[in-house]
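K.L.:
Pasting in a structure now, in structure tokens, and then I'll have a few things to ask.
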Amino acid sequence: MKKIVLLGYMGCGKSTIAQNLSKITEIPFLDLDVCIEKKANLSIKDIFEQHGEIYFRKLEHEMFLELLQSPENYIIGLGGGTPCYANNHLLLQNEDLVSVYLKASIDTLYNRLVHNKSKRPLIADMNEEEMKEFIAKHLFDRSFYYNHAQFKVVVDDKTVEETVEDILKILA
Ligand SMILES: Nc1ncnc2c1ncn2[C@@H]1O[C@H](COP(=O)(O)OP(=O)(O)O)[C@@H](O)[C@H]1O
Ligand SMILES: O=C(O)C1=C[C@@H](OP(=O)(O)O)[C@@H](O)[C@H](O)C1
Ligand SMILES: [Mg+2]
């Protein structure tokens, strides 16, 4: 059994899907953001506010390496930006793991994030119009990195259960 790494834009469902996949497979689940928060003893929002994004990206890279080097098996939910910094995208192609890009459209992401942005410092202060434009541009920039995943699952119009099913098929 290999480590399973879920990636994709903010709001695509990494944390939600990882948790549900964990229940079915009985493989423990770790959320990279939660691991960073525990280690830094600060919320993601406070890390950004007190130390800035570059410091966060350093912690994120270190924690990603630490989890990948652990001898135990995990389902790991990355942060939306994880593959896009510190050459983390190259780690997604490691044969010791299975990486899955949860691909969502701009509309899906916008609809999920619009009422769910306060803990996400990159979008927390944006109004609805700014957010839609930001997501569109940002997703375009980041797709290059997300496309380094070994597998892709389109999540638009799917229930949590349907997306989990799609990932189970990849793992079978
Ligand atoms: N079909 C679905 N799959 C995944 N998440 C969904 C779905 N429908 C609604 N949601 C909601 O979208 C949000 C996804 O957020 P989250 O799992 O934190 O994503 P990420 O970790 O990728 O940022 C959650 O609030 C979740 O309840
Ligand atoms: O896209 C990003 O750069 C970020 C996504 C967040 O994780 P989620 O994708 O789980 O919201 C979190 O790591 C941080 O706010 C930065
Ligand atoms: Mg998350």
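Cβ from N, Cα, C; glycine included.
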K.L.:
Of the candidates Arg112, Arg142, which one does TrEMBL list alongside Asp33, Arg57, Gly80 as binding substrate?
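P.N.:
Record check against TrEMBL: substrate site with Asp33, Arg57, Gly80, extra candidate from Arg112, Arg142 is Arg142.
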K.L.:
Near ligand 2, which of the binding-site residues Cys12, Gly13, Thr16, Arg57, Arg142 are found, taking a Cβ distance under 6 A to any of its atoms?
P.N.:
none
K.L.:
Which of these binding-site residues (Gly11, Cys12, Arg57, Arg120) have a C-beta closer than 6 Å to some atom of ligand 1?
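P.N.:
With ligand 1 as the reference and 6 Å as the Cβ limit, the list reads Gly11, Cys12.
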K.L.:
List, in residue order, those binding-site residues out of Gly13, Lys14, Ser15, Arg57, Arg120 with a Cβ under 6 Å from any atom belonging to ligand 3.
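P.N.:
Those binding-site residues that pass the cut-off, since their Cβ is under 6 Å from ligand 3, are Lys14, Ser15.
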